[in-house]
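Database features, via TrEMBL:
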type: DOMAIN; residues: 207-411; note: domain 'BAAT/Acyl-CoA thioester hydrolase C-terminal'
type: ACT_SITE; residues: C235; note: active site, charge relay system
type: ACT_SITE; residues: D328; note: active site, charge relay system
type: ACT_SITE; residues: H362; note: active site, charge relay system
Amino acid sequence: MIQLTATPVSALVDEPVHIQATGLTPFQMVSFQASLEDESGNMFYSQAHYRANEFGEVDLKHAASLGGDYMGVHPMGLFWSLKPEKLLTRLLKKDVMNKPFQVQLKLYDLELIVNNKAASAPKASLTLERWYVAPGVTRIQVREGRLRGALFLPPGEGRFPGVIDLFGGLGGLLEFRASLLASRGFASLALAYFNYEDLPAKPEITDLEYFEEAANFLLRHPKIFGPGVGVVSVCQGVQIGLSMAVNLKQVTATVLINGTNFPFGIPQVYRGKIYQPFPYSAQLISTSALGLLELYRIYETTEVGASQYLFPVEEAQGHFLFIVGEGDKVINSKAHAEQAIGQLRRHGKNNWTLLSYPGAGHLIEPPYSPLCCASMTRDLKLHWGGEVIPHAAAQEHSWKEIQKFLRKHLIPDMTSPL
């Protein structure tokens with residue numbers, strides 16, 4: 001009897017699943033197919049083809065895919081190779097608390113699929129639950145003063161290291177990374193800063209005091225460690241995270257995923273200081289063979305006069321973790337990270353770590369998330385970049401490193417003498 005098993009059937013999205021098929025005929029060719037429907041009804045699909053061993057078994061932990069959406073030994077390939085049925089669609093979890101993503105896993109006889117036989121019903125199937133929040137994590141809507149967001153607290157009495165989570169140009173409130181960080185022991189504030197509730201849809205400035213209020217909000221919480229907080233930021237959020245690290249003594253650990261070392265778009269303002277946005281060169285926008293916009297060349301920071309726009313990163317007292325996808329087609333993030341590190345080096349600073357991933361694109365997300373290499377954003381067809389397999393490896397490695405970095409710099413050393 002053919003059986004398809006997956007362990008665990010219900011798990012956090014950053015946890016691996018062990019998938020096996022048994023009861024096949026020796027050396028039978030089979031196709032594993034996965035599908036997922038997002039909260040808007042968009043479908044995502046993946047498939048991989050395998051040959052059973054002499055015992056009629058396929059174990060994805062050890063067996064190599066021979067074809068489909070990936071090849072080689074990749075136990076979680078069916079998850080990170082999911083592709084949208086509707087092109088330019090990004091998989092984004094919105095309701096993290098109440099419903100998991102459900103992944104339908106089906107096993108087919110490959111010969112029947114290839115020959116397009118009507119009888120090609122799946123030989124076995126099952127449904128997996130992929131959660132963005134662990135049991136016991138609580139979500140608190142934040143509307144305190146100007147602040148808008150959601151605070152996720154891990155289960156237990158605490159205290160916990162505190163983290164502010166910042167996304168980029170989509171605006172609104174994205175919670176899936178903060179809820180996962182809380183599931184891993186961090187009190188995490190998913191912070192909106194434009195285009196959400198009563199926040200301006202198109203702000204004319206970035207007011208850094210808003211983010212200072214967020215840091216103080218966390219540090220006042222009885223379940224959160226002091227004296228510092230961390231920031232996890234991506235894309236447009238990176239320019240804010242970097243500026244927070246420079247200007248706010250409360251920020252002691254900053255994760256910067258694929259961003260710039262200068263403000264862009266609108267000025268940043270903090271207590272009388274004004275950081276002017278870097279002027280972009282529209283003539284350097286390029287278009288891919290598929291008609292996707294590539295913006296990574298529009299900021300030429302090596303030009304004369306460029307230095308006046310760069311953040312004085314050497315003034316930061318905390319630590320930096322720069323995470324770079326070398327295949328990023330939106331921001332030349334490797335060049336910007338290396339430029340910031342060069343500044344730190346010239347000032348004798350060693351408070352930084354660089355993780356640079358060949359083949360990874362712009363949207364480096366938690367492990368096993370599908371690569372989104374292009375999507376519609378603000379009515380633009382943006383090429384985010386990345387190759388499926390190296391991007392997946394970058395997500396898995398960087399997620400562990402982010403947690404190690406935050407724990408190292410946010411949790412007080414209880415062994416040190418008073």
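For all residues, glycine too, the Cβ spot is worked out from N, Cα and C.
No curator has checked TrEMBL annotations; they are predicted automatically.
When Cβ atoms from all protein chains are considered, those within 10 Å of H362 (active site, charge relay system) total 27, not counting its own.
It is 8 Å from the Cα atom of H362 (active site, charge relay system) to that of C235 (active site, charge relay system).
Counting other C-beta atoms within 10 Å of each candidate's C-beta, the active-site residues C235, D328 are led by D328.
Here C235 (active site, charge relay system) is positioned 11 angstrom away from D328 (active site, charge relay system), judged by their C-alpha atoms.
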